[in-house]
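So the structure is just underneath, and the comments pick up after that.
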Amino acid sequence: MIMRILGIDPGLANVGWGILDRKGSKYMYVQDGTVITHPFMSLKDRLKLISDEIILIIDNFKPDVASIENIYFAKNKKTAISVSEARGAIILTFALKNLDFYEYTPIQVKNSISGFGRIEKVQVKYVIRILLGMKPDFIFTSDHSSDALALAICHGNYHIL
């Protein structure tokens, strides 16, 4: 049985997304991307764009489940608030599309893919490439999309079929 997982790295300016399939203990890369909103847009328009794009991703790729990064302590309150706003729009979109989702902290994600919760972003990308059987020079759409793929792998590791 194949499980298709949508990983989401939320943000107001950039929402990373990644789709992979899991069959047994093997992962297969499907697609990754980034939804970009611009600061000149109103908050309403930014959140609507994020939701609309997530709907298209869900409709096009038909994931079985989603995983999204949980809010963690942030030094910058403004950033934490904007990420929370984007997360709210994304989670509502999951609910409207009847898509189950799970939340993971950055440390859970890093620990799940590497066995160590404090690895650097460059190491995360390296591990993702190995786990997904990618060439070493594969270029992700963005740092956000590679984080989203890590979230999808994390979910697959925590929910073994």
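Glycine residues also receive a Cβ, built from the backbone N, Cα and C atoms like all the rest.
Here's what Swiss-Prot has on this protein:
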ACT_SITE  Asp9  active site
BINDING   Asp9, His144  Mg(2+) 1 binding site
ACT_SITE  Glu69  active site
BINDING   Glu69  Mg(2+) 2 binding site
ACT_SITE  His144  active site
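In this structure, the CA atom of His144 (Mg(2+) 1 binding site) is 11 Å away from the CA atom of Glu69 (active site). The C-beta environment of Asp9 (active site), restricted to residues of the same chain at least 6 apart in sequence and closer than 8 Å, consists of Val15, Gly16, Trp17, Glu69, His144, Ser145, Asp147, Ala148, Leu151.
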